[in-house]
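Chemist: Once you've had a glance at the structure underneath, I'll fire off some questions.
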Amino acid sequence: MPKKKTGARKKAENRREREKQLRASRSTIDLAKHPCNASMECDKCQRRQKNRAFCYFCNSVQKLPICAQCGKTKCMMKSSDCVIKHAGVYSTGLAMVGAICDFCEAWVCHGRKCLSTHACACPLTDAECVECERGVWDHGGRIFSCSFCHNFLCEDDQFEHQASCQVLEAETFKCVSCNRLGQHSCLRCKACFCDDHTRSKVFKQEKGKQPPCPKCGHETQETKDLSMSTRSLKFGRQTGGEEGDGASGYDAYWKNLASDKYAGASYHDEEEDEYEAEDDEEEEDEGGKDSDAESSDLFTNLNLGRTYASGYAHYEEQEN
């Protein structure tokens with residue numbers, strides 16, 4: 001019969017289990033919940049943005065910096081991990097920070113573990129929006145990940161991209177390499193593959209996971225579990241042409257929408273314009289005739305005396 005576990009042994013086993021779960025869930029944590037991608041409101045301009053060392057809009061330093069690795073705003077003296085020893089019970093503000101991350105542009109506290117591990121494990125290392133190709137330093141908003149293709153997205157394009165992400169770049173759901181129905185879909189390549197053509201010599205399939213895409217290696221998903229479509233949806237701020245300064249907005253989108261909406265009625269509009277032009281010409285002709293008649297009526301009773309036109313001028317010359 002096994003020995004009964006003591007209280008200290010139970011606590012140690014529970015602690016080891018919690019640490020194991022934390023290590024396992026650290027790689028699968030949501031990008032929006034990372035401390036380096038947390039929401040921050042500037043103390044000076046009151047504008048909400050991503051967690052940064054300096055405000056993106058007014059370049060002011062925050063009163064309570066947030067560590068990009070552990071997310072704390074206060075460093076306690078009890079923790080012996082501090083690189084910079086502080087005399088007080090705790091330290092806040094600039095006395096707590098130790099570095100600025102080059103990837104996420106956020107403060108890192110002066111803890112030895114955070115300083116040595118954050119730069120290698122920063123989730124925003126290659127965070128460039130797949131739609132507008134802007135990085136962390138190019139805009140002030142937070143970074144998100146598409147729930148389908150897992151590419152990085154900025155705040156401006158996250159909803160529009162995810163609304164149009166489940167669209168294949170093909171007219172059918174057939175496999176790219178053959179005519180059989182594609183049972184697995186890669187949402188990065190926007191293509192379907194059958195069971196035979198998902199097997200790749202380059203990318204190996206891990207246990208308990210879906211087969212990788214033979215083109216890019218991204219994990220595929222079953223087509224039946226997705227709301228896949230083969231139509232091309234044209235909407236959003238990225239569909240319009242760029243302006244002179246390189247920026248694109250919603251003006252081109254609304255113009256395209258209006259042109260598509262009234263494209264079917266253009267033929268009828270042209271006919272109506274022709275009829276209106278003919279009516280205007282007829283009205284002008286009638287108006288011209290009426291004006292001539294009115295002018296003739298005005299000059300009928302006008303008497304200019306004896307003139308050459310009246311035929312009496314030669315009598316006056318003879319008298320003289």
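Including glycine, each Cβ sits where the backbone N, Cα and C put it.
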Chemist: When Swiss-Prot marks a stretch as zinc finger, which of 42-58, 246-262 is it?
Modeler: 42-58
Chemist: Give residue numbers and ranges for long-range contacts of the zinc finger (42-58): same chain, 6 or more residues beyond its ends, CB-CB under 8 A.
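Modeler: For the zinc finger (42-58), the far contacts come to 35-36, 65-66, 68, 97, 100, 104-107, 136, 139-143.
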Chemist: What residues in the same chain, six or more past the boundaries of the zinc finger (175-189), come closer than 8 Å to it by Cβ-Cβ distance?
Modeler: 148-151, 165-166, 168, 195-198, 210-211, 213, 215-216, 218, 220-224, 226, 228
Chemist: Per DSSP, what is the residue tally for the zinc finger (175-189) in helix, strand and coil?
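Modeler: Its residues fall into 0 helix, 4 strand, 11 coil.
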